[in-house]
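J.: Sharing a structure here in structure tokens format.
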Amino acid sequence: MNTLQRRKTHQVRIDHITVGSEAPVVIQSMTNTDTADAKATALQIKELSDAGSEMVRITVNSPEAASKVAEIRRRLDDMGYATPLIGDFHFNGERLLAEFPECGKALSKYRINPGNVGKGVKGDEKFAFMIRTAAENDKAVRIGVNWGSLDQSLAKRMMDANLASSAPKPPEEVTKEALIVSALESAEKAVLLGLPEDKIILSCKVSAVQDLIQVYRELGSRCAYPLHLGLTEAGMGSKGIVASTAALSVLLQEGIGDTIRISLTPEPGSPRTQEVVVGQEILQTMGLRSFTPMVTACPGCGRTTSTVFQELAQDVQNYLRQKMSIWRTLYPGVESLNVAVMGCVVNGPGESKLADIGISLPGTGETPVAPVYVDGERKVTLKGDNIATEFLAIVEEYVKTNYGENGLKRHQGKVIPIHSL
């Protein structure tokens, strides 16, 4: 794994999960079910957890929703899922926590938006109630500031001061600074109200990639709180994936960011779990964490007019993801497995040798055979109509042989403890 220098932060414990610079970057997601439907919400949390989400946020926006949070927690516990639940509060959080104390106890973390808690003294009182409730229940809090719901009184105060200055800044720069000030001032208030520093996580979300990078660089330089990364709205499909990757990878490479969420707009028919998979793939391709064996495959060219290698690459990746629910327990360390599926002789043998297991399928005009390489050595040559089945059997046998109870992996002729990989 990559040993990037992380920005030093407090360590925030959220049930069995630690968020901070001494822990791996944590992936979280959010449900889109009606929280008042406890059964549907619990089932979606299960799906997100199965996909690899380590914390899940749920909307708590009404008495009906708040009254079901404890039931959702019970349903998850009954299914054997200890996934921490984050309550997303806006506008009326203090009232819901007061009327439904079991809701506050069942949640593992509260998300509070300073921009819509309320105005003036009344807003301060609401904020104070939520913070004190979190402290009494020993819960963590994410103070999450959003570009679209910034505290307008703070924004106006800072805009007025900027206009009165001898060298006024562009309004958008003042707005970015207001986001940061809102988060930091709210955290300071929370500490004064009795919430320990190691119970606070901050976020300042915007929708533009360059703005997010600028804001988080500045925020990270001015506090020691763990930071939650994500665009407010990344968008749909490839645009959302690219925008999230572009923003988060820059910050993560600089050691900024302790928990992430990929806010994709779901396409019709696409699974909610896609945002979890994208988050995992960002961290894994950067070498920051390993979640599932990865498949390296060539993009194809005129030498690979057959679609066989493309189909095999897809089949192998799907097979590995499906097996991980079992392998993760039986074969610790298997998530670091690297499999290559290549389409012709140009790069096929070389890439296959560099992978733990690789197969080089024949390109156009090449001999219809597919050599398989294991730990850099040519092991067998496959041919015929059952190449996919035979190759997956080799992968299965490799996993059983090299990972498991002894906690060791044979790699390039050496035996290496899994924890050192």
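Cβ coordinates are placed from backbone N, Cα and C, and glycine is handled just like the others.
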J.: Taking C223, C344 as the options, which does Swiss-Prot list with C298, C301, E351 at the [4Fe-4S] cluster site?
T.: C344
J.: Identify, among the binding-site residues C301, C344, the residue whose Cβ has the fewest other Cβ atoms within 10 Å in this structure.
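T.: The binding-site residues C301, C344 were compared, and C301 has the fewest Cβ atoms within 10 Å.
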J.: What is the Cβ neighbour count of E351 ([4Fe-4S] cluster binding site) at a 10 Å cut-off, with all protein chains included?
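T.: Here the count is 20.
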J.: Does C298 ([4Fe-4S] cluster binding site) have same-chain partners at least 6 apart in sequence with Cβ under 8 Å from its own Cβ, and which are they?
T.: T304, F309, M342, G343, C344, N347, G348, E351
